[in-house]
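Have a look at the structure below, then the notes.
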Amino acid sequence: MNLNSIPAFDDNYIWVLNDEAGRCLIVDPGDAEPVLNAITANNWQPEAIFLTHHHHDHVGGVKELVEKFPQIVVYGPQETQDKGTTQVVKDGETAFVLGHEFSVITTPGHTLGHICYFSKPYLFCGDTLFSGGCGRLFEGTALQMYQSLKKLSALPDDTLVCCAHEYTLSNMKFALSIFPHDLSINDYYRKVKELRAKNQITLPVILKNERQINVFLRTEDIDLINGINEETLLQQPEERFAWLRSKKDRF
């Protein structure tokens, strides 16, 4: 399968997987127009849509795409049932698309019903995990998001993390404020800065590398523990995650 990214709005990415026959899967189409343009340019035949959560910048293009291609099956969590979903899926279930099984992983935090889709090596994680960061807590709790990230971090090393937003540069600036002397973070920040200066995408990322540079995946890191404890005593990793998320919100 071939992985494609379609820019939308200011910083969204709509991901598309296509097979050799031209059949395609569309993930979180917040806007129909760029997707329709890509379908025409590549002669794709849409088979399915995956929705991760109910926010408009992830579901706004569904209605128009389904009107144009009524054969499309729209998979999504319960919270997207009124956004065009025709097949509600939940944790532990699978969606069989393009000849591949995609596992559904529930990841509450950004929204209460947020889900991700995984078929090795592809992880479509919506607004749960970003490169260098994680989603804001609009509906869920810090504990829920911490547990969701633990699930995703446990996936295979070679997982390709397909995030829904180009937030990497700002996330890495925050990471540097936490770990100013970390070699991996400094190296990745320089790489990302160069890519964005050329208006190039920083995604997808390999999960093995992401674990090294994403402070939200490093809540049990001794350097982080020592650094945080200079300000406040936090004994549990989920407490350190909540502290980081709150600090990032104000960054």
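Counting starts with 1 at the first residue shown.
The backbone N, Cα and C atoms fix where each Cβ goes, and this holds for glycine too.
All protein chains included, HIS110 (Zn(2+) 1 binding site) registers 25 other Cβ atoms within 10 Å of its own Cβ. Among the features that Swiss-Prot reports, Zn(2+) 1 binding site is placed at HIS53, HIS55, HIS110, ASP127, with the record citing sequence analysis.
The Zn(2+) 2 binding site annotation in Swiss-Prot covers ASP57, HIS58, ASP127, HIS165, and the record cites sequence analysis as its basis. Reduced to three states, the DSSP call for ASP127 (Zn(2+) 1 binding site) is coil. Just so you know, the Cβ of ASP127 (Zn(2+) 1 binding site) picks up 26 other Cβ atoms within 10 Å once every protein chain is counted.
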What number of additional C-beta atoms lies within 10 angstroms of the C-beta atom of HIS165 (Zn(2+) 2 binding site)?
19
Expressed to the nearest Å, what is the distance separating ASP57 (Zn(2+) 2 binding site) and ASP127 (Zn(2+) 1 binding site) at their Cα atoms?
11
Within 10 Å of each Cβ, count the other Cβ atoms, then let me know which of the binding-site residues HIS53, HIS55, HIS58 comes out lowest.
HIS55
Test of understanding: give the count of other CB atoms lying within 10 angstroms of the CB of ASP57 (Zn(2+) 2 binding site).
19
